[in-house]
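Enquirer: For reference, Swiss-Prot lists these features for the protein:
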type	residues	note
BINDING	His57, Tyr83, Arg84, Ala132, Ile134, Asp170, Gly171, Asn199	pyruvate binding site
BINDING	Tyr83, Arg84, Ala132, Ile134, Asp170, Gly171, Asn199, His268	thiamine diphosphate binding site
BINDING	Asp170, Asn199	Mg(2+) binding site
Amino acid sequence: MSYPKKVQLPLTNYNSTGLNLNKSNLLVLYEDMLLGRNFEDMCAQMYYKGKMFGFVHLYNGQEAVSTGVIKLLNPTDYVCSTYRDHVHALSKGVPSKNVMAELFGKETGCSKGRGGSMHIFSAPHNFLGGFAFIAEGIPVATGAAFQSIYRQQVLKETEDLRVTACFFGDGTTNNGQFFECLNMAVLWKLPIIFVVENNQWAIGMAHHRSSSIPEIHKKAEAFGLPGIEVDGMDVLAVRQAAKQAVQRARQGDGPTLIEALTYRFRGHSLADPDELRSRQEKEAWVARDPIKKLKKYILDNEIANIGELNEIQNAVKTELEQAVKFAISSPEPNMSELKRYLFADN
């Protein structure tokens, strides 16, 4: 049996036309990606020290996708994630100390210690949560986009449409909920961006072996929405694609499907020895580290100097050290509230 070919490197190059990024914008992107990477590295340390339990899925290598999309959104916009949700939450503005406390199972966690790694949630930040099963977040995100349309068209509220960014992996795109929600979003012109983080592997199944059409963005054509393929290792390329999608959604023109070609630098979870991917494949993708790529862009174009970038790195390190101290010192959930939040109050 022959399978379609795998994604070939290098991917498309970034075209800067129309982004209008200044120094402040670029440093925000750089800091956000650094925060995500260092947060995940700290999670690995804490997990192996026995401070975290259960499955922990890290996001190393995929930071350009989260940062490139979410940093374009307004605070009132929505984000829906997967079980690999820590960095999406950070990009949406959930404080790192509350995400870390959640991973420690503490009362000060953003889900009161009840969600853990796979169920990060924050209502104040319109972060709709992570989901342990693939595709389960897509209907929730579609519902969030629907209520935005409903508020404007039925309740006659005057605010701009709120955009929903829905993240999921390549393995999800063979699930029926993916197709059903694409269809519904187009029918109702919902303000939603479907972001496929195609990291080439669904646990141990290579994507090119599991789909008759591995080019996921091409599936959009069947439903009548734009499908964009983008280099998910380049935050500026992702931001450019996301900018088009956000504008389209906010002005009421409907959804967009973005396929970001990316790669996770660690195994599927911290329990995965990562023996199925070849060393050559991993090295080829690691050489395209999105953080190093943006750092080089900033330095080569003399947007900031190495001292300024080191200051950002040190600030991130300090923030995460404080986040761990906060998580360790925070109280455990009270046993008397064990059954709280299972049902709606009143």
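Every residue number used here counts from 1 along the chain in the order it is shown.
From the backbone N, Cα and C atoms, a Cβ is placed for every residue, glycine too.
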Enquirer: Kindly assign Ile134 (pyruvate binding site) to one of the three DSSP-derived states: helix, strand or coil.
Expert: coil
Enquirer: Counting only other Cβ atoms and using a 10 Å cut-off, which of the binding-site residues Ala132, Ile134 scores lowest?
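Expert: Checked Ala132, Ile134; of these binding-site residues, fewest Cβ neighbours within 10 Å: Ala132.
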Enquirer: Please report the number of other Cβ atoms within 10 Å of the Cβ of Arg84 (pyruvate binding site).
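Expert: A count of 25.
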Enquirer: Return the member of His57, Ala132, Asp170 nearest to His268 (thiamine diphosphate binding site) in space, with distance defined Cα to Cα and candidates limited to these binding-site residues.
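Expert: Closest candidate to His268 (thiamine diphosphate binding site), judged by Cα separation, is His57.
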Enquirer: When you measure from the Cβ of His57 (pyruvate binding site), which residues in the chain that are at least 6 apart have a Cβ under 8 Å away?
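Expert: The answer is Tyr83, Arg84, Ser117, Met118, His268, Ser269, Leu270.
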